[in-house]
Each structure stands twice: as C-alpha cells, then as structure tokens.
Amino acid sequence: MGKEKGHINVVVIGHVDSGKSTTTGHLIYKCGGIDKRTIEKFEKEATELGKGSFKYAWVLDKLKAERERGITIDIALWKFETPKYNVTVIDAPGHRDFIKNMITGTSQADCAILIIGGGTGEFEAGISKDGQTREHALLAYTLGVKQLIVAVNKMDTTGWSQARFEEIVKETSNFIKKVGFNPKTVPFVPVSGFQGDNMIEPTTNMPWYQGWQKETKAGVVKGKTLLEAIDSIEPPARPTDKPLRLPLQDVYKIGGIGTVPVGRVETGVIKPGMIVTFAPAGVTTEVKSVEMHHESLDAGLPGDNVGFNVKNVSVKDIRRGNVCGDSKNDPPMGCASFTAQVIILNHPGQISAGYSPVLDCHTAHIACKFAELIEKIDRRSGKKIEESPKFVKSGDACIAKMVPSKPMCVEAFTDYAPLGRFAVRDMRQTVAVGVIKAVEKVAPGAAKVTKAAVKAGAKK
C-alpha cells in the first residue's frame, strides 16, 4: 500500500446557482466514495424521472435528501481522493447549520473552494454587495481558513470564452483581496462541472488556457485541473506539540469499565497514565486507557475522536462542553469573561450591552451576555471606527466583553484556535460569529482531585 495518504478537509462555497452541487458531485462521482451500485441505482432513477442527462448534482441531491431526512448516510460518500490526499467535503453551505458547523468545528477546513458561476449575470449576482459568496468567503477567512481555490464554473455556457474568464479572474481577485486572501496564492481554474472540462482531465475546449499557478513558500506551483489544484493544497500542521485540549462531546457510564468521556482531540496528545484536568468542572484524575473505534491506542492525536476511561469520576462530575487537558502543562480553566471580535451577520434589530444569546463554542452551548461594547471596528482591517458604541447591527463588527451565564472553558483564538471561535445563536439562526482575543481565567476553588490522581502523582 505504501504510505497512507494525508487527510484534508475542504469546504465548498459559492452562490446557490454557481453549480456547487454539480461540481462537488462530479469529483465525488469520479474520484470518490460512491460505489458503483449506488451510482447505477441513481442513474436508473434519473433516467426514469426523465433526468436522463444524469446531472452530477443528482448524486448530491440524493445524498442531501437522505441526510436531511436524518438518515445518516455513510460519510464516505462525501469523500474523494487525489493522488496525494484523502479529501473530505465539509457540509456544503446553504445548509442552515453550515455556519454553526463550520465554527463549532466538527471539522476545520484546510482549504475553501470558491465556485463562481461563469454565466452572464450569475457571477455578478454572487458577488454583489449582499451576495452570500462574500459572506462565506469572509467567514472562512475569519475562521482561519487561509488557503483558497477558485473554480470558474459553467465555462460551457460562455462559449468557452477567454475574455469572460479573464474578466471574472480580475473581479474575483479584487473581491478576495478585500476579504483578506492574497490572489497570487490562489489557483483560478476554468471548469465545466457538468461536462467535466478541467475537473480531472485537462480540457480540449479552451486552447487558450495555459494552466493555473500559485505562489507558495516553496516557490511557484503550476497545474491544469481542479483536481491538481486540490492536490497542491499545503498540508496543515497538526498541533501535536501544543498542550492537550479535548472538548467533551459526551460522557458515558459503561458497566464494568466506569466513566468514559468522548471527544475530539483538538491540540496536543492524550495518553494512558496522564493526569488530566477537566475545566470548568475542576476535576483532576488519571487516564486509564484511550481508545478509538473500539481499539486501544497508545496516544490520541489531533483530529482523533477518542473515548477514554477515567478513574473515580462520576458521570455527574463532568459533562459535554467541559474541556480536558494535561494537569501539568497549561491545564484548562474556567473563565469569568472574555473579549472577542464579533461580526454581526443577520440580526433583525440592534445589539447593545445586556444582550444574552446562546454561544456555541467547541462543544459548549451556553448563554453569554454582551457585557460591554468596547469599540466598533472595520470588519476587514480591524481598525477602530467608534469608541464604546451604543449598539451594533447587521454588517457591523465590534470588540465586546462577554460574560458567560455559567462556568465555561474557552481560549484565545491565537492560542487554541478550535476553542477560540464561536457562533452566536438566536431565533434559531446564527446571528453573529466571533473570535476570542483574550480570556479572564478563573483558578478553580476547592477542586476535586481523585485518589487515583494523587496516587499517580506520588509515583512520579
């Protein structure tokens, strides 16, 4: 088999009509996890329904419909392979909870693929002032997705026009520059997600197209197709050298074993024998064993979803939203308040001090109060526009002091990114997103230290 391929997550963004589904469907269909049987089944249905031209989007529509009906479809269906990577496509936007998912980070994207509809008027609609495209690109950038690929889709509907492609590249470059990306590091690929041009094989319909290029630290990288552009994503550094942070998703009580917290390692490493602290619960204990997919591990690494057995801790002591860390290496703590840069996305009214919506940060789901609006800032440059504003509204960005209604554990984005970004939820939608700048931490009072931890500590 040789060396296992690296794993990367991509998020596909773009206007609803840009052909996102067709393009994503095409990659998954040609390089991916959909087995032949499923495809044959879909093709048969498509033909029966008179969709015989078998749009790739049909594959994706089927997957989406199944997901929305709550049938958990095999996540493999959202995967495809490039020569270098196993790629997972993160929930395509347009889906209600997309923003929340992107922030609470079931999976942080390593790269965003922006799909632009090349047809007349489409491109303009997607990038207009209120366009979703702008919002998604800005969100991706704010939340730390620093690599971008632009696919100019539907080139077949433009008569494979070089002029149209160049016009879109120029406009899009300006647009992404305003968001914060450097266009020189971004491959621009003219494709037809429907006909397959430049998706996997180089096109024969655009003799003028010389290929894409992008600047990287290692020099200029060149290629022709979208698949090659995805293959040229720089591998993410997985933060194993940082102190452990593992937000709990659930805590189980398992007969004969005991208490088993479950969650995804965000930073650092968890190993059997480690003395860990749970914040804000203030419980310290020893890790007896660590396992993933029912196999025991010597170590759980960033990105691993693990269960681990802890000694002398009741299920009542710790819960979802708590964060587990190494008691001897920057242990996690609860916080009294934190300062964050908040971007208001869609709130019907005005937000002023005292507003108390629910925050989703990693696995925690807790009401927090906007205690003070410190300053209103320009959302692109971060420069101050107004000191102590009375209120902020949709489209504004501000620095705010937030106070959680009950103990919670968060971190500054620059220290531990996955624990430093949050979604503000109200009226069943994401009204704002935030990035935490600084945290006022609280040392636990009379913390519970289990006998196992004391014993293990004495041994060392």
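The backbone N, Cα and C atoms fix where each Cβ goes, glycine too.
Residue ranges 91-94, 215-218, 331-334 are listed, and Swiss-Prot annotates 91-94 among them as region 'G3'.
Per Swiss-Prot, the range carrying the annotation region 'G4' out of 5-8, 153-156, 261-264, 309-312 is 153-156. Swiss-Prot lists region 'G2' for one of the ranges 30-34, 70-74, 265-269, namely 70-74. Record note: among 14-21, 382-389, 14-21 is the stretch given as region 'G1' by Swiss-Prot. Residues 18-19, 22-23, 115-119, 122, 165, 190-195, 197-198, 203, 205-206 of the same chain, all 6+ positions outside the region 'G4' (153-156), place their C-beta atoms under 8 angstroms from a C-beta of that stretch. Restricting the average to the region 'G3' (91-94) gives a pLDDT of 52. DSSP assigns Lys79 (N6,N6,N6-trimethyllysine) to a strand segment in the three-state reduction.
Cα of Gly14 (GTP binding site) to Cα of Lys390 (N6-methyllysine): a distance of 34 Å. Within 10 Å of the C-beta atom of Met155 (GTP binding site) sit 29 other C-beta atoms, taking all shown protein chains into account.
Separating the Cα atoms of Lys390 (N6-methyllysine) and Lys20 (GTP binding site) is a whole-number distance of 40 Å.
Candidate recorded positions: Lys20, Lys30, Met155, Lys316. Nearest to Lys79 (N6,N6,N6-trimethyllysine) by Cα distance: Lys30. If you measure from the Cα atom of Lys30 (N6-methyllysine) to that of Met155 (GTP binding site), you get 20 Å.
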